[in-house]
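Here is what Swiss-Prot says about this protein:
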type	residues	note
REGION	1-121	region 'Contributes to single strand DNA binding activity'
TRANSIT	1-31	transit peptide
REGION	54-214	region 'N-terminal region (NTR)'
REGION	121-372	region 'Required for hexamers formation and DNA helicase activity'
REGION	215-335	region 'Primase-like domain'
DOMAIN	384-635	domain 'SF4 helicase'
REGION	405-590	region 'Maybe required for stable oligomeric structure'
BINDING	G415, P416, T417, G418, S419, G420, K421, T422	ATP binding site
REGION	637-684	region 'Disordered'
REGION	640-684	region 'Might negatively regulate ATPase activity'
COMPBIAS	659-677	compositional bias 'Polar residues'
Amino acid sequence: MWVLLRSGYPLRILLPLRGEWMGRRGLPRNLAPGPPRRRYRKETLQALDMPVLPVTATEIRQYLRGHGIPFQDGHSCLRALSPFAESSQLKGQTGVTTSFSLFIDKTTGHFLCMTSLAEGSWEDFQASVEGRGDGAREGFLLSKAPEFEDSEEVRRIWNRAIPLWELPDQEEVQLADTMFGLTKVTDDTLKRFSVRYLRPARSLVFPWFSPGGSGLRGLKLLEAKCQGDGVSYEETTIPRPSAYHNLFGLPLISRRDAEVVLTSRELDSLALNQSTGLPTLTLPRGTTCLPPALLPYLEQFRRIVFWLGDDLRSWEAAKLFARKLNPKRCFLVRPGDQQPRPLEALNGGFNLSRILRTALPAWHKSIVSFRQLREEVLGELSNVEQAAGLRWSRFPDLNRILKGHRKGELTVFTGPTGSGKTTFISEYALDLCSQGVNTLWGSFEISNVRLARVMLTQFAEGRLEDQLDKYDHWADRFEDLPLYFMTFHGQQSIRTVIDTMQHAVYVYDICHVIIDNLQFMMGHEQLSTDRIAAQDYIIGVFRKFATDNNCHVTLVIHPRKEDDDKELQTASIFGSAKASQEADNVLILQDRKLVTGPGKRYLQVSKNRFDGDVGVFPLEFNKNSLTFSIPPKNKARLKKIKDDTGPVAKKPSSGKKGATTQNSEICSGQAPTPDQPDTSKRSK
C-alpha cells in the first residue's frame, strides 16, 4: 500500500469529536466478505535495464521522414499521424484530417496513440511501421485494462462511495469538510470533479477515468487521521502507484485550453479551479515523480504553472519536472508565507489569481544577476533545515555532521575490505528511500538478489528466514519503495552506465544513485598507470552527471592497502587525489576489530563541503537485522576533528557526566523527525 503522510489543519474545534472519528476511521483491507486477500499481484524484482537501442530526437525525425510519416515538433514529444488508428478515426465531420494523434517521446522514443490507446517502445513502433512481427504483438501494444482483481475492487469501492453532500447526517458532513479542509469548497466543485466519499473508511475518493471518459480505470482514496492537534492524510491508490497514471481533472480539459496549473494534491486542484476558473491537473505521485507516460497529455499547453507545495522540496521538484516539459513554457509559484498551498490559500482568504500572476519563469539565460537570485537566496536563509537536505532517521549523528542529504552532490565512501561497506551503504540508502527519495542501485560486486535480501532484512529489522509467514507483508511494503536496480554485474563501460543513469533520471525521477563499487565497474583491463587516469576520468564524469541532473551520486571506492594498525585517511582512497577533490562529502568506515577486537567500528566524515563540519561517531552492528544501530546514550559521543589527518579529539576530563567542550558534542541517540515531503502549513 502506498502511504504518504501530510500534516494538515488544526483540530481545536474538533477535539470533542476526535474520539468518534478515530473510532470509525480506517480503510478496510477488503470490502467484500471472506478472508483477507492480497490487494496486488506479485511482480518480479524491479530492475532497471538499459534501453535496447537508445534513440535521439534527430534519429526519430529522420526515420519518420524516411517512411513518409507526417509529423509536427512539440515541446517534449513529436506528433505524427497514427498508423494504429483507422482513417475514419483521424477525420472530422468534414472528412479532413484534423489532428495528429500519435505522440512520440523525444527522449525515449516511447509512443502513445490517443485515438487507439496503442503504446509501446520505439522498437515496437519501428516493427509496426515496417510490418515486422505478428498481429498478436500489435494487439499487445494496446493499453491493457487493469488487473481483474483491481477492476473488481475499483467498481466495488466506487459503487459504495456517495457524494459528500448526500450524507444523511449533517454533523458528519461538517466533520468531513473540516477534516479535509473543504469548508470553502462548494458542492458544485466536488460534483464537477466527480469526488465521492466512502463512509466505512472515512475517505475521499478521487476517480481515474479513461481518456474520453469511457470507463473507470482506478481510484485514489484519501483518508484523514487525527494526529496530535492536527490531521495527517494517507493515500491509497488502486492500482498500485507504479501503474497509477491518473492526471486528476483531465476529463475537464478542453482542446482549446492553452494554460494549465499542475498541483501535487487533488484538494489543491479543487481549490484552484473553483477560485480561478483555470484548468487544473494533479500529478498522480505528487512531488515524487512525473512519469513520462503523462507527457503527451500536457503537449497542448503553451503555459504550464507548477504550484506543488509550500516547502523547498516542492520547489526543487517543480524545477526538475519543468526540465521534462520544456522550461520555456513553465512557470513556478515560489513557496512563501504569502503563497501557501492552494487549499490553504483559499481557506485563508488569499487571492489565488494574484499568486499565479507572480509565478516565476523556469527558464533563464546562462548569465544572471543577483536580482534574479535574491529570492532563492532568501528561500534558503528562511528554510535553513530544508536547504540542508533530507535528514536520516536511522543515523541522527550523521545529521549532526552532514546536516542532511542534498541533491546534486557527490559522496565518496570507503572502508577496509570486509568492514561492511555494502551493508552500511545499503541501510544508508534505504533510510532515504523509505522517506521517498527515488533511488537507483548499481551493484557491480554482488547480485541484485543478494542485495535485495540484505535490504529487505534491514527494512524489516529482523531476519525473515524463521518468519516466512511474514514475508509477504514485508515484501509488499518493500516493493512499494521507489527503489530500482541496474542489471549490470562486473565490468561495464562508463558510457553504458551513464546512459542508464540518464534514462532512470528521466523516466523515474531518480534523486540518488549508488555505485558499488568503482573498481568492479572498471574491471582490470588497464595497466596501473592507465587505470589511475581512467579512474580520474570516470570520477569526473560522475561529478558532471550529479551537477547537470541535480542528482546525488554515492561512489563506493576501495582504499589502497594500509597497515592493519593504521586508520584510513582521505589520502587512503585508491588512485590520485581526484576522488577527494571532486567529492562534496567523504565518508570512511573505520574498522578497528583487528586491533581492539570485533565490533569496534565508527564512521568518519572527513570532508563536508556544505558547511565544513567533520567528525566521527561509533557504529554498532546488529547481526540479526544487519543494521548499524546507534549505541546507548551513555556510550555515544560525537567527536569533532579539525582535519582528516589529525588525531581524534578526546573527550574532556571532567567530573561531570556528559561534559563537553566546543569541539565535542554529546549524541542524544534519538533520531530527529525527518522532513516530511509534503508538509502542509496549519491554517489559522
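Placement of Cβ uses the backbone N, Cα and C atoms for every residue, glycine included.
Secondary structure of the region 'Primase-like domain' (215-335) per DSSP (helix as H, G, I; strand as E, B; remaining residues coil): 40 helix, 37 strand, 44 coil. Averaged over the domain 'SF4 helicase' (384-635), the predicted model reaches a pLDDT of 88.
Taking a C-beta cut-off of under 8 angstroms and a sequence separation of 6 or more, G420 (ATP binding site) has the following same-chain neighbours: L589, D591, R601, F621, F628. For S419 (ATP binding site), the number of other Cβ atoms no farther than 10 Å from its own Cβ, over all displayed protein chains, is 20. Cβ neighbours within 10 Å of G415 (ATP binding site), excluding its own Cβ and spanning all shown chains: 25. Candidate binding-site residues: P416, G418. Fewest other C-beta atoms within 10 angstroms, G418.
Considering only the binding-site residues T417, T422, the Cβ with the fewest other Cβ atoms within 10 Å is that of T417. Within its own chain, K421 (ATP binding site) has F413, T414, G415, D516, N517, V556, L589 as residues 6 or more apart in sequence whose C-beta sits under 8 angstroms from its own. Reduced to three states, the DSSP call for T422 (ATP binding site) is helix. Within 8 Å of the centroid of the Cβ atoms of G415, P416, T417, G418, S419, G420, K421, T422, where the record puts ATP, the same chain has further Cβ atoms from L589, D591.
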